[in-house]
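Participant: Following this message is one structure expressed as structure tokens.
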């Protein structure tokens, strides 16, 4: 097949032999744009799909095939995109040969899938559109004058006037300015129309100068501080430079006081202390704006270090969503620039991910998709960006991704809940078209036994697999025996709960276990966020008892303190930047200050009254080391007996100190009080400790004849991710007999064996999961385990933005694949009910207090 975009006449009698594919109720000759299916001329048994444009010449229909493909979906998608620009076809001068202008339009539609009709009209030099007669005609198609003057193209962010200036189309420029186009409107780089004209020609500058609205722009500056005159000078254009100087443009800019904070925001060096000093000396510079561009100091940031510094010091005093004269927030600007680090940094301090830009009402997600930036798109979705915002043209990010034919972008949006377009939307393609329209396409008006060339799965099939989750799933979580046992226990508990009165103060409880893993605590927050998305409400309030180790204890404490999962997610992203430096051990004082700022310096562990919290630590002042548990509750007995039974002084322990004890990983942070180190050394997956604690509670109550025994309705264990398996060399497992003569062999063996020991000491997957599952089977306790497989081994103190964001996305994909399993968890949690209604059941314990004493610092 030759060029599929070549515009070719097709005779009416030949067209009548084709099957109509779209629209399904169309008839040959009555529809301007349609898709028909015929056969390959050289092989009549092979199907070939045509997009056909029909016009009228001298009272007769003329049919042109404007696109051909073996793939019906490809032809349908291109037809719908042409339909969005139908007015450009309908207003063609039928007295001339229209094949070239039709090709011009289709070529632009192919190369600029997100452009609107007006942008394509400008590039095709369609002066017939930009005339009084043209306006009257386009109004019949639902367009307004504003649709010609103020519609920004994606992803470039240019207005129609800017495009017309670039293309040297002076008649269109004059028409736009006469009809209200704003020459002072700015693109994302802060350029206005006079900046564009300075790069175009002297005659274009003369054209603009006839309009009074352009004259105040003569010495306006873009984001780089350049005026149109300076732009012409730097572009080595003598005619444009001479013209602008003749208008009064200034080549030598007058010295002006430049905001020192702006300069620091554009410096890569050690700016933290410099920013602190400047803000202390001149606090007013913090919220100053650039007079030319409207930029704030946040817009001015070029490097993450400076942005992070000013946000850490002053984020509560800054408007993170302030817009410049181009209508962009700092987040919009960073997304357009494709700067991953700046985007992640400002999002971690609470920038609104969904605020629309002034032009076209584009959200940050729209902008990322239009730039085909998969990484930033996934980052925004992971951080909670709305997957279904609508811009001023009615386009969603999914609509844009589908038109761009970017399947990975489309897949990412669908996984996060992006919906198809409504039936009334024009210009949709197979990835976003309304389901009803999609079904109609699958039922063509007639049948023809033709062979369709073999190809990979169609986009529609892939999209439907994603939407319906009919892709290949992991059939077994453990093995067929254990899976059958766990399913049986689940069904038993559902049956028990169905027999209970919903208002009954049940003794059946939900418990939650959170693993350790440093920065991989983001895996916990991401998994819990995805469970919340399925539940449609807060997850944490369903749990009566929560155990956490290291990073798991930080998540539990944050949630018990009233923080949301989104807030905790942002805390972790800030944490990695502020606490982890480039070498171990990290600065313990910075860690302690961070925890105190986020959760309170004077708050006690016992101040977190609900739910019951159990944190692990390792007491390492004697050998062998001992596991110690820190709790926000005691047994309903005397102080002496509590101490005897292992409930030691937690009521006097500061919360930050408890968290430090649980997360003092050796070689990463110093020990606490020279004796407490990370609880993950003994119990990095605290599921068994939590089960044991509940069992001990029941045993204590039984011994004391207290009717407070509980039954576990659900144990949810959330991990910090499983790493991919890698092959070990057998030679690296054996020490050389003579380490002096074979030092490399001995070194490799020591390193490998050391890695194995550390891995197993702090294991959260494998044996700990199977042991917890076996305990639950023996006690008939429903057990669920969620832990995402990661793309690589992510270190506890990893701080790379792209690496961390990919880890978060691993969780989203994992949870989408296993949504059926997640729905079972949600069903069981709802059946057991929210924990506050059972709080009275533990009242005798919660209200028990020991003699007041001085808190442990």
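Each residue, glycine too, has its Cβ placed from N, Cα and C.
TrEMBL: automatically predicted annotations, no manual curation.
Pulled these features from TrEMBL for this protein:
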ACT_SITE  550  active site, nucleophile
ACT_SITE  678  active site, proton acceptor
DOMAIN    512-691  domain 'PNPLA'
REPEAT    156-188  repeat 'ANK'
REPEAT    326-358  repeat 'ANK'
REPEAT    360-392  repeat 'ANK'
REPEAT    393-418  repeat 'ANK'
MOTIF     516-521  motif 'GXGXXG'
MOTIF     548-552  motif 'GXSXG'
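What's the neighbourhood like for each of these?
Facilitator: Around residue 550 (active site, nucleophile), the same-chain residues six or more apart in sequence whose CB sits under 8 Å from its CB are 516, 517, 518, 616, 662, 663, 665, 678, 679, 680, 684, listed in sequence order. For the recorded site, residue 550 (active site, nucleophile), the DSSP three-state label reads coil.
Taken residue by residue with DSSP, residue 678 (active site, proton acceptor) is part of a strand. Residue 678 (active site, proton acceptor) has a Cβ environment of 30 other Cβ atoms inside 10 Å.
The average pLDDT computed for the domain 'PNPLA' (512-691) is 88.
Sequence-distant contacts of the repeat 'ANK' (156-188) (same chain, at least 6 residues past either end, Cβ-Cβ under 8 Å): 118-119, 122-123, 125, 127, 130-131, 135, 145-146, 148-150, 194, 196-197, 199-201, 203-204, 207-208, 211, 213-214, 216-217, 220, 222, 293, 324-326, 328, 332-333, 336, 359.
Applying DSSP to the repeat 'ANK' (326-358) sorts its residues as follows: 17 helix, 0 strand, 16 coil.
Long-range contacts of the repeat 'ANK' (360-392) within its own chain (CB-CB distance under 8 A, at least 6 residues past either end) are made by residues 114, 151-152, 154-155, 331-332, 335-336, 338, 340, 343-344, 347, 353-354, 398, 400-401, 404, 406, 408-409, 412-413, 416-419, 526, 529, 566, 569-570, 802, 805, 808-809, 812.
When Cβ-Cβ distances below 8 Å are used as the criterion, the repeat 'ANK' (393-418) is approached by residues 77, 81, 113-114, 116, 151, 154, 360, 363, 365-366, 368-370, 372, 374, 377-378, 381, 387, 425, 427-432, 459, 462-463, 466-467, 533, 809, 812-813, 816 of the same chain, each at least six residues removed from its ends.
The list of residues near the motif 'GXGXXG' (516-521) in space but at least 6 beyond its ends in sequence, with Cβ under 8 angstroms from a Cβ of it, reads 548-552, 554-555, 572, 575-576, 580, 662-663, 665, 668, 678-680, 684-685, 719-721, 762, 764, 794-799, 804, 807.
When Cβ-Cβ distances below 8 Å are used as the criterion, the motif 'GXSXG' (548-552) is approached by residues 513-521, 524, 613-616, 662-663, 665, 678-680, 683-686, 718, 720 of the same chain, each at least six residues removed from its ends.
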Participant: What is the three-state DSSP composition of the motif 'GXGXXG' (516-521), stated as helix, strand and coil residue counts?
Facilitator: 4 helix, 0 strand, 2 coil
Participant: When secondary structure is assigned with DSSP, how many helix, strand and coil residues does the repeat 'ANK' (393-418) contain?
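Facilitator: Once the DSSP states are binned, the repeat 'ANK' (393-418) shows 16 helix, 0 strand, 10 coil.
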Participant: Under the DSSP assignment, what numbers of helix, strand and coil residues are found in the repeat 'ANK' (360-392)?
Facilitator: 16 helix, 0 strand, 17 coil
